Amino acid sequence: MSTKKIEQWEIERYWEIFASLSNGQPHLNSSQAASVLRNSRLRDEQLEKVWDLADVDGDGELDFEEFCVAMRLVFDLVNGELQEVPRVLPDWLVPESKAHLVQAGRALSGRPEQFERIEDEDDTPGLKDGFDWYMNPADKSKYEEIYSANRNHRGEVTFESLQGLYDSLDVPDTDVRSAWNLVNPSASPAINKDATLAFLHILNYRHEGFRIPRTIPASLRASFENNKIDYQVDNARPAQKWGADGSTETLTGRKTKFGDTYLSRLGVGGKGSYTPKGTDFSDTIQDEEWEKVRLRRELAEMEAKLDAANKASEGRRDRPRNDGRPNWVLIKKEALQLLEYKERELRELREGTGRAKEGQDLERLRDDIKTVGDQVEGLKAHLAERKDVLADVRRQIEEERLHR
């Protein structure tokens, strides 16, 4: 059993960040959370997977527990504790209050057990048995693109909004309505995201020649009947999902892939030119925690380079070069360049420019400023020492010349 856990000091740090972003609300939407998550410099697909894992209840927002999960995953990725985003949320990261939701999600994401199927009375020739509720990642991504392109301001999809899709499919109207009724047991005018994905999955299989199922798993039916899920589409459109490769073969290998024609018309599918309309966070205020992480990483890189330079310098010192004398001109030039860089970095931190964006909490950056200041003073002392050594070498050279 894993002994890992989120420590109390981490929870307190995450709470400070959460409170500063939530404006007193109990949840963060995608726009608010992205202002700190994107500062980790992780790739968009990694952040998307982190969000999907952390959003345990699937409401499109992060409460404080889910935010802690997301932050720990991101920090572990940044610090090298994780090489990639895990496929499922580790048990030690699952919030106790949401353990039942994680268990249900895992049951739905895998291949569920096959339920006994009532024999279809449809006499349409050529239809096949073998409908599978499992959605592979490529199909699910395409379903989510269709959902995103047709949802209303409440995050729901109406039957009429998908008429363009129906026209592009080889599915009779009666079967389309049968699939709609199957995922809409309450006969509502619109269905939520989970029901929409299941509806599109049924149409996909029917388009490929499979019979429409007569029943749905109880766990899915419960999620269809729950209309309280709020995906917060008013706040921000979610980032574009990675679509399936257009070269992937269909189930039959004979028809256009489900939804490709429809998505192409919308300009959001396959290899189209669709770009997400989400908020641009490129000018968002940098979070000091990420700044500290990056500074530590840069410091480690600089120390490694310094060690390598020292070793190379020692190697050159052991070899006869320029009458056995070290290249003090080059050493002085490099030391001055490093000093100039550190002074500029310190000046930017004090003035709030450059990496330290306007509006940063300067109180939290004092430690970083002090560290950089100490480095600058150390470099100045080192430069003075090198100058003394250089003067001494010149003096020795001059004395040697006079003795001759």
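Glycine is no exception: its Cβ is also placed from the backbone N, Cα and C atoms.
Looking up the ranges 246-265, 306-325 in Swiss-Prot, the one annotated as region 'Disordered' turns out to be 306-325. Over all protein chains present, the Cβ of ASP59 (Ca(2+) binding site) has 16 other Cβ atoms lying within 10 Å. Residues HIS27, ALA54, VAL56, GLY58, GLY60, LEU62, ASP63 surround the recorded Ca(2+) site, their Cβ atoms falling within 8 Å of the Cβ centroid of ASP55, ASP57, ASP59, GLU61, GLU66, which are themselves excluded. Most buried of the binding-site residues ASP55, ASP57, GLU66, judged by other Cβ atoms within 10 Å, is GLU66.
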